[in-house]
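J.: Okay, handing you the structure first.
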Amino acid sequence: MASDPIFTLAPPLHCHYGALPPNASGWEQPPNSSGVSVAGAALAASAASRVVTSTDPSCSGFAPPDFNHCLKDWDYNGLPVLTTNAIGQWDLVCDLGWQVILEQILFILGFASGYLFLGYPADRFGRRGIVLLTLGLVGPCGVGGAAAGSSTGIMTLRFLLGFLLAGVDLGVYLMRLELCDPTQRLRVALAGELVGVGGHFLFLGLALVSKDWRFLQRMITAPCILFLFYGWPGLFLESARWLIVKRQIEEAQSVLRILAERNRPHGQMLGEEAQEALQELENTCPLPTTSTFSFASLLNYRNIWKNLLILGFTNFIAHAIRHCYQPVGGGGSPSDFYLCSLLASGTAALACVFLGVTVDRFGRRGILLLSMTLTGIASLVLLGLWDYLNDAAITTFSVLGLFSSQASAILSTLLAAEVIPTTVRGRGLGLIMALGALGGLSCPAQRLHMGHGAFLQHVVLAACALLCILSIMLLPETKRKLLPEVLRDGELCRRPSLLRQPPPNRCDHVPLLATPNPAL
């Protein structure tokens, strides 16, 4: 999603007057206005006598009253990173500014739809197939979007691009998580997030170099076609955990054998213990022969639905409230754009470092509770004390809110992937990620209303953040625990009871250190 703010950034603009028409301005009078008052004509003349700029797509405060259209071309005073974008290509300003907001909404809806609808194929046909299919289609879709000749074509192809990129993100996340043992899951998940943050910085650098939005679109999407070489046998392996759950034992043995041979020291043969473990794999996995479930049967697992509801709501709020923490004084200048871009990426990287240091020590649930608490505190301070704080204090709490909301979003996604069983992990995690993408709609929705109601929206989101704090305490702890494989395992992942000791087979009752057996 890092490309959308650059592709839809409204540049500073003014009307190119040229030879002024008889009404002494570069603005066209609406056909319904047969006569303009003397005051209106004087205001139009004064507007023509100076260079007026605006970054508001509705041209509010820019156009003279009762004048809607510029007779000449628009002059765009340049973007921070590109010479022009789709807004300047088709003059999507003033009365056409709604198309820019519609493109932003469709792009986010593309991500939400991809997360939601590609989770089932990932569970049914495998993670590898979904990743290869969507990666292969990203390139043609992106190149086609760069060659589009109208804003309608751009919006359609951007929706499809978001749909496909969501499939790539979901499939790769599942494969990373299912490949690791319990002690490495957090590190691998955070490494993937840091790679994404690095991609944001790389995209900003490519935008500075390319200058043309069409060339930039081709540059970032066309190389995805090369990822089709991942389909070469033995190069990009299917998730062995998913193969075992689907009872494809021979394929799982083949994948595990390849991984074991790659990880063994150079020049050594595969050990006998590894060979015996691979041969006995079928006997040690007493799973049902089928892993297809009806929707009615899924409704019986109330604990799984409770975890999905809490984590989905938390992820939604963490993404929705993020735009409320923009630094004070963002006026649309190049320096403000760079500040917002670097601040968003920098706080995401800082959140990854914070989670890597604290989560394995204090647990997923505790750090998620702390992150949402900091998010709520930052919102309450900004809402209640905005008029009494200086710019430095406002910026400090805005950065705190950005940091904590980033950490909450990352950790809620990881925790959801760890409590959802393998049989439905694609669908469950896709639902969580789709809710997070829908939370991103709060920013274009606010722009659609010209910023009206921003305070009320922040109040509602802050109240929901406080509600998340209460609900997070109902979640189980998944630190150093095995991933649940079937629905029965996911149903046993519960929060430890506060009043009585849970039985030993509960998912939450796993000792941190193994106790010696006195009988031995």
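A Cβ is built for glycine as well, from the same backbone N, Cα and C atoms used for every other residue.
As listed in Swiss-Prot for this protein:
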type	residues	note
CARBOHYD	ASN23	N-linked glycosylation site
CARBOHYD	ASN32	N-linked glycosylation site
TRANSMEM	100-120	transmembrane segment
TRANSMEM	129-149	transmembrane segment
TRANSMEM	154-174	transmembrane segment
TRANSMEM	189-209	transmembrane segment
TRANSMEM	219-239	transmembrane segment
TRANSMEM	303-322	transmembrane segment
TRANSMEM	337-357	transmembrane segment
TRANSMEM	366-386	transmembrane segment
TRANSMEM	397-417	transmembrane segment
TRANSMEM	428-448	transmembrane segment
TRANSMEM	455-475	transmembrane segment
J.: For the transmembrane segment (337-357) against the transmembrane segment (397-417), do we get 3 or more Cβ-Cβ pairs below 8 Å once near-sequence pairs (under 6 apart) are dropped?
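T.: Counting Cβ pairs under 8 Å (6 or more apart in sequence), the transmembrane segment (337-357) reaches the transmembrane segment (397-417), since there are 3 or more.
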J.: Going along the chain, which residues at least six beyond the ends of the transmembrane segment (189-209) come within the CB cut-off of under 8 Å?
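T.: Tertiary neighbours of the transmembrane segment (189-209) are 2-3, 6, 81-82, 172-173, 176-177, 216, 219-220, 341, 344-345, 348-349, 352, 355-356, 410, 414, 417.
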J.: Sort out the residues at least 6 away from either end of the transmembrane segment (154-174), same chain, that have Cβ-Cβ distances under 8 Å to it, and list them.
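T.: Distant Cβ neighbours of the transmembrane segment (154-174) are 1, 4, 86, 99, 102-103, 106-115, 118-119, 122, 127-128, 130-131, 133-135, 137-138, 141-142, 144-145, 148, 189, 192, 221, 239, 242, 413, 417, 425-426, 429-430, 433, 437.
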J.: Any chance you could find the range in 100-120, 129-149, 303-322, 397-417, 428-448 with the most Cβ pairs under 8 Å to the transmembrane segment (219-239)?
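T.: The stretch with the most contacts is 129-149.
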J.: Do at least three CB pairs under 8 A connect the transmembrane segment (129-149) and the transmembrane segment (303-322), leaving out pairs fewer than 6 apart in sequence?
T.: no
J.: Most CB pairs under 8 Å with the transmembrane segment (428-448): which of 100-120, 129-149, 397-417?
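T.: Of the candidates 100-120, 129-149, 397-417, 100-120 scores highest.
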